[in-house]
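Here the structure is laid out as C-alpha cells; the discussion comes afterwards.
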Amino acid sequence: MVFLSSVETDQRKMSAGNHSSVTEFILAGLSEQPELQLRLFLLFLGIYVVTVVGNLSMITLIGLSSHLHTPMYYFLSGLSFIDLCHSTIITPKMLVNFVTEKNIISYPECMTQLYFFLIFAIAECHMLAVTAYDRYVAICSPLLYNVIMSYHHCFWLTVGVYVLGILGSTIHTGFMLRLFLCKTNVINHYFCDLFPLLGLSCSSTYINELLVLVLSAFNILTPALTILASYIFIIASILRIRSTEGRSKAFSTCSSHILAVAVFFGSAAFMYLQPSSVSSMDQRKVSSVFYTTIVPMLNPQSIA
C-alpha cells in the first residue's frame, strides 16, 4: 500500500507539469555582501533615473516636434519606448531588493516578469536591426528612401518587431510553466530569467534549453548580422565622402551606435548562446547588467 501510494504521488507530480511546488522565490541579487548594497542601490538608482529621463525626453521631443515626424525618429521613439519598458520591468524590483532583507518574489509575479522581460528583450534586438536598416537606406539609397521607408512599411516593421517579441516570450514562458520547480526557492540572479529558473527544475529541461539556444540564435544572430551588413555598406558610403569634416562627423555618429549595439548583442550572446554549464551564474549576472540596464541608458545618447 505504501508503494502504491508513492507511485500515485509520483504520477501526480509528473502529470502536474504546469505546476510548481514553490509559491515564492528569493532573488539572490547581484551581490551577497551587505556593505555593497547601499552603493549598488545608489548606482542603479542613478542609472534608472537617467534611463527614464533620457527615453521619456526622446519620446516627448519626437512626439511634440512635427519636423521630427520622419521614419528615422519614428523608429527611435519606438526604441526608446522599448528601452523604457525593458528597464522598468527589471530595475525597480532590483532597487527594492537592495534595501530589503528578504528579496521575495511570488511565483505568478516571477512568471509575469519573465514574460514581459522576454517580450521587450526580443523586441529590442529586432528594433535595433530596423533602425540600422533605416540608416542604411537613408545613406545608401537616399533617392528611394521615401518609397522604401513609407509610413505603411514603418508601421508593419514595428508590428513585426512586437509580434516576434510576443511569440518568442510566449513559447519560452509556456514551456517554463510546464516545469516542476522544486529543488530550491532561491534564484541565483537579480530577476527571473530563463537559465536561473531552469536550474530549479526537478523535471527535464532539455527541450527548454534547446529552445533557448535555437530562439536566441534567431533573435540575436539574425538582427546582429543585419546590423553588421547595414554598417558595412554605410561605412563604404562614408568612405566615399570627399569632405574630411563630413566623413569624421558621420563616423562619430555611427561609432557611438555601433558601440551600444556591440555591448547589447555581445552581453546577450554571452548569456543565451551557450549552455548553462559553460559559464558561472555570477559571470552571467554581470553580463546581464549591460543589456538590462546599461544599454537602455546609453541608447538615447548613442543612437539619436
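Cβ atoms here come from the backbone N, Cα and C positions, even for glycine.
Summarising the annotation, Swiss-Prot assigns topological domain 'Extracellular' to 1-41 (among others) and lists a curator's inference as the type of evidence.
The N-linked glycosylation site annotation in Swiss-Prot covers Asn18.
For 42-62 (among others), the entry in Swiss-Prot reads transmembrane segment.
Sequence-distant contacts of the topological domain 'Cytoplasmic' (63-69), counting only residues of its own chain at least 6 positions beyond either end whose CB sits under 8 Å from a CB of the stretch, comprise 77. As annotated by Swiss-Prot, topological domain 'Cytoplasmic' applies to 63-69 (among others), with the evidence given as a curator's inference.
Look at Swiss-Prot and you will find 70-90 (among others) tagged as transmembrane segment.
Sorting the topological domain 'Extracellular' (91-110) by DSSP state (H, G, I as helix; E, B as strand; all else coil) yields 12 helix, 3 strand, 5 coil. Summarising the annotation, Swiss-Prot assigns topological domain 'Extracellular' to 91-110 (among others) and lists a curator's inference as the type of evidence.
Close to Cys192 (disulfide bond) in the fold, though at least 6 residues off in sequence, lie Phe25, Leu27, Ile105, Cys110, Met111, Gln113, Leu114, Phe117, each with a CB less than 8 Å from its CB. Look at Swiss-Prot and you will find Cys110-Cys192 tagged as disulfide bond, backed by sequence analysis.
The transmembrane segment annotation in Swiss-Prot covers 111-130 (among others), and the record cites sequence analysis as its basis.
The topological domain 'Cytoplasmic' annotation in Swiss-Prot covers 131-154 (among others) and rests on a curator's inference. Residue counts for the topological domain 'Cytoplasmic' (131-154) under DSSP, split into helix (H, G, I), strand (E, B) and coil, are 21 helix, 0 strand, 3 coil.
Residues or ranges marked as transmembrane segment by Swiss-Prot on the basis of sequence analysis: 155-175 (among others).
Mean pLDDT across the topological domain 'Extracellular' (176-193) comes to 90 in this model. The topological domain 'Extracellular' annotation in Swiss-Prot covers 176-193 (among others), and the record cites a curator's inference as its basis.
What Swiss-Prot lists as transmembrane segment is 194-214 (among others).
According to Swiss-Prot, the transmembrane segment annotation covers 218-238 (among others). Residues 122, 125-126, 128-129, 132-133, 135-136, 139-140, 164, 168, 247, 250-251, 254, 258, 261, 265, 268-269, 272-273 of the same chain, all 6+ positions outside the transmembrane segment (218-238), place their C-beta atoms under 8 angstroms from a C-beta of that stretch.
Among the features that Swiss-Prot reports, topological domain 'Extracellular' is placed at 239-257 (among others).
Long-range contacts of the transmembrane segment (258-278) within its own chain (CB-CB distance under 8 A, at least 6 residues past either end) are made by residues 121, 124-125, 128, 132, 193-195, 198-199, 209, 212-213, 216-217, 220-221, 223-224, 227, 231, 284, 287-291, 294-295, 298-299, 302-303. Summarising the annotation, Swiss-Prot assigns transmembrane segment to 258-278 (among others).
According to Swiss-Prot, the topological domain 'Cytoplasmic' annotation covers 279-304 (among others).
Here the listed stretches are 42-62, 70-90, 111-130, 194-214, and the one with the most C-beta pairs under 8 angstroms to the transmembrane segment (155-175) is 111-130. In terms of C-beta pairs under 8 Å, the stretch of 70-90, 111-130, 194-214 lying closest in packing to the transmembrane segment (42-62) is 70-90.
Long-range Cβ contacts of the topological domain 'Cytoplasmic' (131-154) within its own chain (Cβ-Cβ under 8 Å, at least 6 residues beyond either end) map to 71-72, 74-76, 79, 226-227, 230-231, 233-234, 237-238, 254, 257, 261, 303. Cys110 (disulfide bond) is surrounded by 22 other CB atoms, counting those within 10 A of its CB over all protein chains shown.
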